[in-house]
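J.: This is the feature table in TrEMBL:
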type   : residues  : note
DOMAIN : B:52-166  : domain 'Acyl-CoA dehydrogenase/oxidase N-terminal'
DOMAIN : B:170-262 : domain 'Acyl-CoA oxidase/dehydrogenase middle'
DOMAIN : B:274-420 : domain 'Acyl-CoA dehydrogenase/oxidase C-terminal'
Amino acid sequence: KCPRVSPVVTLCYCFVSPQIRVKPDNTGVVTDGVKHSMNPFCEIAVEEAVKLKEKKLIKEVVAVSCGPQQSQETIRTALAMGADRGIHVDVSGKDYENLGPLQVSKILAALAKQEDAQLILLGKQAIDDDCNQTGQMTAALLDWPQGTFASEVSLEGDKINLVREIDGGLEHIKINTPAVITADLRLNTPRYATLPNIMKAKKKKIATVKPADLGVDLTSRLEVLKVEEPPQREAGMKVETVEDLVVKLKEAGRV
Amino acid sequence: MRALRLNVLVRSRHFYKLTSLGGGVRSLTEKVSSKQVKSSAPETAADHLIYTQEHFALKESLRKLIDQEINPYVDQWEAEGKFPAHKIFKILGNAGFLGVNKPVEYGGLGLDFSFSVAVAEELGNIRCGGIPMAIGVQTDMTTPALARFGSDELKREFLLPSISGDKVACLGVSEVGAGSDVSSIKTKAVRKGDEYVINGGKMWTTNGTQADWMCLLANTSDGHFLQKSTICDSFPRVHIARKIDKLGMWSSDTAEVFFDDVHVPCKNVIGQEGMGFTYQMLQFQEERLWAVANILTTTDNVIQETIQYTRQRKIFKQPVLHHQAVHFRLAELQTEVELLRSLLYRATALYIKGNDVTKLASMAKLKGGRLAREVGDSCLQYWGGMGYTSDVLVSRFYRDSRLMSIGAGADEVMLGIICKYMDTLPGK
């Protein structure tokens, strides 16, 4: 008989505009007025959680997002996809600018203990900062096993069978619960939030908590010194012979 | 170290985009317009005139569906002259987008018209006019009268599967000899026992070659009584005479249909016999506002793409956009788009409160058709030679949007209606 595990899915609220500009004071990128929505890998994580619930392998899906007021919209999208309830961890202003994987991991670890979660599902990384750290750090803080870059997940008794996408190919592992899993691109194809479910999501609850309530200290251990655009790609040069190439490279001081 | 961080950010986002779009790298216009920063309406539900958080959630979900299931294939369907209506309607039906304001008992959501407007707006992100038009016909032209006045049996047979996307509907109203002049349609339905025998023909039937059923307006007497009935295409003797080759809207199949002694059971009549024309008129307001909502998003997109293009296209050593004539003209056009948007929201807000907005809806439709032509014409000019090619959205928009001043109530008909409300028509 399969155990009833209760997962917590965490969502990244990140920006998805194709045109990013560096702030004039070089302290970061411009986020005002840039469209934000749910991180694509997090969508995949939500989909996996909802699928597990539909297979009756888990009891309840809780969607979590850390950020300002607007990140509640991402939670609503998760609710419309099938999550049962949401938790919004309210972080805004300077705290939000400094919010990094370590802080989020601490928050998630605290929530996991509070909610008595058995499974934490996350996207493998956020597409705005590409850190790929939160899942791993959360597992470490909780001293739980981790299954990252998952492309297949199946529950077997109180263990989880995972296929991971790694550089060399596919790795099959078996881990105990409770565990942290991070979703990779090919794990599933997220469903569209159907209109009936969007309307039903209105009735589902989103609780708001502050990091201080969870006993989490948000001070960053990193200080961003400068953010710059990558150098402009310059025009290339065509040469006729290999000898010409060597001469040009020497001239440019590359050899 | 910091520079590296930004590089990595850019690289993996492109990676994600390529794999998720599945279609590989596309032309400049495709990259430029996907995931656009909205130029106009506020993003937050808190400030919007008629939209709530649910409207925005609806739009976001529909947008994903469009980006995944529709836009990657538009160029192909335009070239083929037809889009797979059953497949696309089923996908939309599954997601609940075909029955937004239809009764819950038949699979609809029973929401008010503002939700239909939100759907119409979002469909404007489809990169052609043909598919939104086909969807609009299914949701807001063929089914309203049925939903309001049809019998339960009729609704189960035709409305329910149209909302779920299992059946494709088409509308039979216009004829070769009667378009704006609906009252002079000639198709006759003669009562014989418990059947009607239909003879005649219909023109400009959107979805005509793929439809499973038609909502048909026919004469039941020699006088001016018109009756609405629905007929199933599986009946013999309904000839799809031809698929019409048009200037634009290529992905939407438009048919000329003939009825040669077609027998339809009497129970297939919607509501009361003789009320057909009245039923038809009741839904005009919704049809017109729907069309306006749809075209406004597309004009926004065309203007944005024109800005992107003219920003990088150089002429006399400067971007085309830097010439005052260009950016000033785009500003004029965007101003008019916003004005029309305000009229749309005003009329919608009044309508959902139960008011008759025929005058405002007709004004909006009139302006919508004309503005689309102006935007198409001016923007195409700024695209220059490229605008004249088939590779870009603006040329397709120029062709597709020309229909708006003609179909679903020509400009002249709108003007007549407005004059009636202004009481400026010559007395009888």
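Using N, Cα and C of the backbone, Cβ positions are placed for all residues, glycine too.
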J.: Within the domain 'Acyl-CoA oxidase/dehydrogenase middle' (B:170-262), what mean pLDDT does the predicted structure show?
T.: 83
J.: On the DSSP side of things, how many residues of the domain 'Acyl-CoA dehydrogenase/oxidase N-terminal' (B:52-166) fall into helix, strand and coil, could you say?
T.: 82 helix, 0 strand, 33 coil
J.: How do the residues of the domain 'Acyl-CoA oxidase/dehydrogenase middle' (B:170-262) split into helix, strand and coil according to DSSP?
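T.: Residue counts for the domain 'Acyl-CoA oxidase/dehydrogenase middle' (B:170-262) by secondary structure: 3 helix, 51 strand, 39 coil.
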